[in-house]
Amino acid sequence: MAVSRITRWRLMSVIFGIKCLFLMVTLGVLLINSFTIQNIQSTPSPTTTVEFQEVSECCVCLDKWVGHQCNCYFISKEEKSWKRSRDFCASQNSSLLQPQSRNELSFMNFSQTFFWIGMHYSEKRNAWLWEDGTVPSKDLFPEFSVIRPEHCIVYSPSKSVSAESCENKNRYICKKLPI
């Protein structure tokens, strides 16, 4: 009788151990699948950005931002004053566009719209300045040297710049590094 009790307990222990092993393997498979699904869902898809985004190997931009040459651009559809445009860009952890070269905007088709960029005239320094306080390179827009206090710069469809009152309302372009 004692032998049959021991045999029963052994048999139940073996069955219980096999069930535990099966449950641990199942749990491991579920955890691996869960992490794989989370990684896929958290990776932004190139189709979540605006329709004319160029796919770049090093750009991952938020929805409604355009990726180009490892930068992200927000091209507004609404019009605001220069200051309100600057404030909007700042709220998005970006700044009004400060182009590094004339070619930087060549990938966009501007049609007939003017866009604020990050340049304004500082009466205090008697110079055109970027939003960050630096002086623009003379090579960037050599044709532009107009002195107009209380004016800011718009980028035009003809791929040139002009000065307008900062209170005028225009569309705007924000720029930031990719996520």
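Easy rule for this one: first residue shown is 1, then count along the chain.
Here the Cβ of each residue, glycine as well, is placed from N, Cα and C on the backbone.
Per Swiss-Prot, the cysteine from Cys152, Cys174 that shares a disulfide bond with Cys166 is Cys152. In Swiss-Prot, the cysteine linked to Cys174 by a disulfide bond, out of Cys72, Cys89, is Cys89. Between Cys72 and the candidates Cys61, Cys70, Swiss-Prot records the disulphide bond with Cys61. Over the topological domain 'Cytoplasmic' (1-10), the average per-residue pLDDT in this prediction is 73. Across the range of the domain 'C-type lectin' (68-175), the DSSP-based residue counts are 14 helix, 37 strand, 57 coil.
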